[in-house]
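Novice: Summarising the annotation, TrEMBL assigns domain 'NADH-rubredoxin oxidoreductase C-terminal' to A:328-391. Summarising the annotation, TrEMBL assigns domain 'BFD-like [2Fe-2S]-binding' to A:427-475. Summarising the annotation, TrEMBL assigns domain 'Nitrite/Sulfite reductase ferredoxin-like' to A:575-636. Annotation comment: TrEMBL describes A:647-783 as domain 'Nitrite/sulphite reductase 4Fe-4S'. As annotated by TrEMBL, [4Fe-4S] cluster binding site applies to A:Cys656, A:Cys662, A:Cys696, A:Cys700. The feature siroheme binding site is assigned by TrEMBL to A:Cys700.
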Amino acid sequence: MTVPPGPAPTIVLVGHGMVGQRFLEALAERGLTATHRVVVLCEEPRPAYDRVQLTSYFSGRTPEELSLTDKEFIKEHGIELHVGDPAEAVDRAARRVTARSGLVVDYDVLVLATGSSPFVPPVPNRDATGCFVYRTIEDVLAIEDYARSGARVGAVVGGGLLGLEAAGALKGLGLDTHIVEFAPRLMPVQVDEAGGAALLRTVEGMGLTVHTGTGTQEIVTGADGAVTGMKLSDGSEIATDLVVFSAGVRPRDQLARDCGLAVGERGGVTVDAQCRTVTDPRVFAIGECAQAVDGRVYGLVAPGYEMAETAAATIAADEAAFTGADLSTKLKLLGVDVASFGDAHGTAEDCLDVVYSDSRAGLYKKLVVGRDGTLLGGILVGDAEAYGTLRALTGSVPPVPPEQLVLPAGAGAPAQLGPSALPDEAIVCSCHNVTKGTIRAAVTDHRCTTVPEVKKCTKAGTGCGSCVKVLTQLVNDELEASGVEVDKGLCGCFAQTRQELYETVLALRITSYQDLLDRYGREEARGGDGCEICKPAVASIIASLAPSIGADGHVLDGEQAALQDTNDHFLANLQKNGSYSVVPRIPGGEISPEKLIVLGEIARDFGLYTKITGGQRIDMFGARVEQLPLIWARLVDAGFESGHAYGKALRTVKSCVGSTWCRYGVQDSVRMAIDLELRYRGLRSPHKLKAAVSGCQRECAEARSKDFGVIATAGGWNLYVGGNGGATPRHADLLAQDLSDAELVRLIDRFLMFYIRTADRLERTSAWLERIEGGLDHVRDVVVHDSLGICDELEELMRAHVAHYRDEWAETVNDPEKLARFVSFVNAPDTPDPLVRFVPERDQIKPDLPLLSIGVRPLEEALEGSTQR
Amino acid sequence: MTLAPEITDLKVQLRLDGEDSSWLTVCDLSALAVPGRGVAALLPDGRQAALFRDRDGRLYAVDNRDPFTGAAVLSRGLTGTHRGRPFVASPLLKQRFDLESGQCLDDESVRITAYEVRVA
Ligand code: SRM
Ligand SMILES: Cc1cc2nc3c(=O)[nH]c(=O)nc-3n(C[C@H](O)[C@H](O)[C@H](O)COP(=O)(O)OP(=O)(O)OC[C@H]3O[C@@H](n4cnc5c(N)ncnc54)[C@H](O)[C@@H]3O)c2cc1C
Ligand code: SF4
Ligand code: FES
């Protein structure tokens, strides 16, 4: 190691927000972290996270998942990160920063990235309990906490981008939500009057109350000092339990002011084109706290990133400049697409508007076009599909007349103008300034063959994500053009996706895997034995369709037996030492004392380890293969059925105790859970299916974490879909409200069959819902409004499934041929596997794991040992 | 399940390593009637073998013990063809093993015993 002469020069970064983090990455990319000591003062209690995605917290993203900071990165680059320790003073003469903890750091270069703070209008009682702002994870946690402690109504001050985000969050928390906006329309900065009107209709259609053209005059509080309402400037008053101020932001430039740095008239540290402060060449300011050389303070992340790059390049003595950025944005606010780009408000001289508007559908699209046909900018509300292409075309004359760019497909528009029409110089990713040419080169020159590779290589798509769609299309086009086939196939044996195979099996009534492989498999796989991926996937397709295509439904019959994973094959779950677990179905989690006693007796007699599962039933572990039929004979006798814990099939429908006993319950959730579990038991699907029914909004059954969740209302049932626990939790989305019993069942029938038909292998409903084009709205169109005209068919498939359900274990214990496989050894049917042994723990058993690492035991000892457990 | 009559009384035999002429009769061929579904056999010294038959009727035998977990479960894995060669995937953590050579396809450094098998 070489020791640099003298101490390394020090760069101090104040503020570890989105732009600050980006700056650190830019330093590292330029090798400056190796030559400099880098010290970061971070005010918030956690390192940089994705503020843009803040609202996704309410759809289940955890603070950890929002993090932008990789611990490895910080460590690897030797960055000294001080979390929860803001800078309090800067002494520019001494080049010294003092932090709150008393830490003092001398700097050679100081970079301010302190962001903004929310603006709270000076109305009386604005500090009352129940008043919040919306900027940090801590804000969001506080709002959630307060809302959950009994709030019913919430009001947001401000109807701009952030206001609508906040309103979406309150709505997500189940509050009746008001939005108060001083301007005459929503999102006054981004959209024009007509766009605002389209947005208003859609937002009101979602049940939010919007008050435009009126200001907040006073927060009203009760005797305890907490918010009870809000007085508006038009004289009206709203009763509300909670207020979120979201009326704009102000640059955080106090630290800069205090040390004598020049700031703009409306705030923001004044910097030059290199992002150096105009006052002191050793100090830089980037992101929302800076006033750029064009006199603007940018409140978006993409220009901030560009400033971060510029400052890092300048420190590395490279040429770079930030002279301004456009304010293009695409957002999904409350589920509505809103985008504006370029000269959205048509301020250029002599420009013309091309407008398409359909207020019924909440659509509004406007393009601003110059006299010579140059696309200057535009606004899209309700459908921003074309945003990526249009933004990239801005500044050029589009290859087709502008009106065709805004008409919806089917209304006279020609085929959609795809990204292939873009010139190579067009910027596809504006967060990272990546052109179409660079993306193409990533495929042709750098040999990237997948979208993730291209993202890594070019950084495109790794910012706000709004360009990923166009990016994906470009990459696929380029791959196809260069002769690389984009392989979406299920596995090495089939070039089709799971959905395509499903359609083939259904349409041609194919009931045999081998037949499917030999006729539709990849050339090289035909005639072979397939693989461990497609066998269970095809087995599952055939099993879900069995009654409709005339296949035998039992998973142990004929060829089916060879396709199933070992769990399905032995109708039990394989454990780490080769023993199995047994999970009988306990529908809805309801069980009589007699049945509990039976379970206890069986577990005792066979010496099984017994545990209550997370799915409201009882799991018995440690059965050897040859014991399974004996155990199940007794279970079947006592009226138990297979719980399909081993299958990609319906697992449990959890219930809460509901209106029968619970003082809050409004419907009989136990009965509904049992009905649903019995209806869908045995249904094979692309991945396991879980469900729950709660008797009221308190949600004790955790229905929103399930593939389908039902929550009782005074008027019936709300149906939520696409929830998930596990590794990537997701709260289920509301599909339909206030359903009767029959309506509920019909919708679930359709939903499940549509999922089974279109999902990928091992794709839970949550991932499926996120992936399929059109997402929840599309699924709602298909299963609620029957937009594809397939609902009759879906219902028929489910009817067939329900009518043909048979208990797999009851059939197995009564079929000697099926029972024959339940032996440890084909040549010694009475000998148990000598490696399956147990040792005691907490009055029960656990696998003898050390034995497994020894491997072989002399046979005599093994046989002796096997008589005792 | 229907069996072709001609295979019902044939026996599957496995050659134990070392002794040249020692073929151990393990089971009837009919026990392997469903191609791709294996069985386990207990060997005289306490070891175990996993036996399979592919759809063309070829037989394979490898050690039954999954070297990654220690459990004797390979006979319960799914089989397949990878680049024209037969394999079994462990039902526990899914590593694949070439049925002819015993070589693990997912970890070069691991190989399990493969036995010679014949029908007699
Ligand atoms: C037994 C049980 C744990 C327990 O002792 O409580 C369990 C045990 C297993 N879980 Fe689980 N899960 C059990 C409840 C859950 C729950 C809670 C729930 O259902 O309310 C979850 C989160 C909810 C969810 O799925 O959304 C859960 C999320 C998972 C996941 C992650 C799924 C995901 O989408 O991320 C896996 C892995 C997978 O399926 O790919 C998994 C896989 C497994 C497997 C099958 C792993 C395996 O292949 O060996 C375990 C074997 C069970 C066995 O041998 O019997 N288990 N597992 C629970 C059985 C419930 C039942 O009665 O059927
Ligand atoms: C809910 C929400 C949604 C948004 N959506 C979008 C969007 O869709 N698109 C878009 O482009 N932009 C969006 N934005 C704006 C975007 O988040 C900001 O432009 C971006 O975060 C600016 O980055 P920054 O680093 O300049 O500021 P910040 O991310 O705010 O980081 C500044 C950091 O500096 C810290 N700090 C301040 N003073 C000190 C001090 N003295 N010492 C130490 N640390 C200090 C602060 O605590 C903060 O952590 C959204 C913002 C919010 C709140
Ligand atoms: S969800 Fe409601 S009805 Fe069910 S137990 Fe909880 S409080 Fe009672
Ligand atoms: S435009 Fe934001 S990531 Fe590409």
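Every residue gets a Cβ built from N, Cα and C, even glycine.
These figures come from a predicted structure and were not determined experimentally.
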Novice: Given the binding-site residues A:Cys656, A:Cys662, A:Cys696, A:Cys700, which one has the fewest other C-beta atoms within 10 angstroms of its C-beta?
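Specialist: Selected from the binding-site residues A:Cys656, A:Cys662, A:Cys696, A:Cys700 on minimum Cβ neighbours within 10 Å: A:Cys662.
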Novice: For the recorded [4Fe-4S] cluster site, enumerate neighbouring residues of the same chain (Cβ within 8 Å of the Cβ centroid of A:Cys656, A:Cys662, A:Cys696, A:Cys700, site residues themselves excluded), in sequence order.
Specialist: A:Val657, A:Gly658, A:Tyr664, A:Gly665, A:Ser669, A:Ser694, A:Gly695, A:Arg698, A:Glu699, A:Ala701
Novice: Calculate the per-residue pLDDT averaged over the domain 'Nitrite/sulphite reductase 4Fe-4S' (A:647-783) and state the result as an integer.
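Specialist: Its mean pLDDT is 94.
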Novice: By DSSP, what is the split of the domain 'BFD-like [2Fe-2S]-binding' (A:427-475) into helix, strand and coil residues?
Specialist: 25 helix, 5 strand, 19 coil
Novice: Could you tell me which three-state DSSP class A:Cys700 ([4Fe-4S] cluster binding site) falls into?
Specialist: coil
Novice: Is it possible to list how many residues within the domain 'Nitrite/sulphite reductase 4Fe-4S' (A:647-783) are helical, extended or coil according to DSSP?
Specialist: 52 helix, 35 strand, 50 coil
